[in-house]
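Chemist: Pasting the feature list from Swiss-Prot:
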type: SIGNAL; residues: 1-20; note: signal peptide
type: DISULFID; residues: Cys51-Cys66; note: disulfide bond
type: DISULFID; residues: Cys65-Cys93; note: disulfide bond
type: DISULFID; residues: Cys77-Cys91; note: disulfide bond
Amino acid sequence: MKYQILFGVVFLTLLSYCYSEIEDEFENFVDEEMVEADDPFSLARKDKENCIPKHHECTSDRHGCCRGSMFKYKCQCVKIVNAQKEETERCACITPGLHKAAEFVVQLFKKVIA
């Protein structure tokens, strides 16, 4: 029984990681212009240099968050009401809960195997 649970958790982690990779590629395909470059890695370097780090504001560029150790950070927004009852939206790059759990399981799995 415990092997089935362990296999299920590892399977869900890998499935979540694959989904994140596919989603990142789709977002890049939709958002970026098709650019022909001599260096095939120039776009990847450009994205890495211009990405928004974890816990930084991404209100103006919601798809510009950097990659973490396994997954790309997601831009999460909240609405803030100030003392004058004016509502503003603020966004920051964070690690979603499912991704945190998946990274924890992978780290735990690495400790068990090592």
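Heads up, the Cβ atoms here are built off N, Cα and C, so glycines get one too.
Could you place the listed features in the three-dimensional structure?
Modeler: Taking Cβ pairs closer than 8 Å, the signal peptide (1-20) reaches residues 70-72, 98-99, 102, 105-106, 109 in its own chain, all 6 or more past its ends.
For Cys51 (disulfide bond), the count of additional Cβ atoms within 10 Å of its Cβ stands at 18 [all protein chains shown].
Neighbour list (Cys93 (disulfide bond), Cβ cut-off 8 Å, at least 6 residues apart, same chain): Ile52, Pro53, Lys54, His55, His56, Cys58, Cys65, Cys66, Tyr73, Lys74, Cys75, Gln76.
In the three-state DSSP scheme, Cys91 (disulfide bond) falls into the strand class.
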Chemist: For Cys91 (disulfide bond), write down the residues of its own chain that are at least 6 apart in sequence and whose Cβ falls under 8 Å from its Cβ; none is a fine answer.
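Modeler: Non-local contacts for Cys91 (disulfide bond): Glu57, Cys58, Thr59, Arg62, Cys75, Gln76, Cys77, Val78.
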Chemist: Suppose we draw a 10 Å sphere around the Cβ of Cys66 (disulfide bond). How many other Cβ atoms does it contain, all chains included?
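Modeler: Its Cβ shell of radius 10 Å holds 16 other Cβ atoms.
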Chemist: Need the DSSP three-state call for Cys77 (disulfide bond) to compare against my parser.
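Modeler: Going by the DSSP assignment, Cys77 (disulfide bond) falls within a strand, counted as strand.
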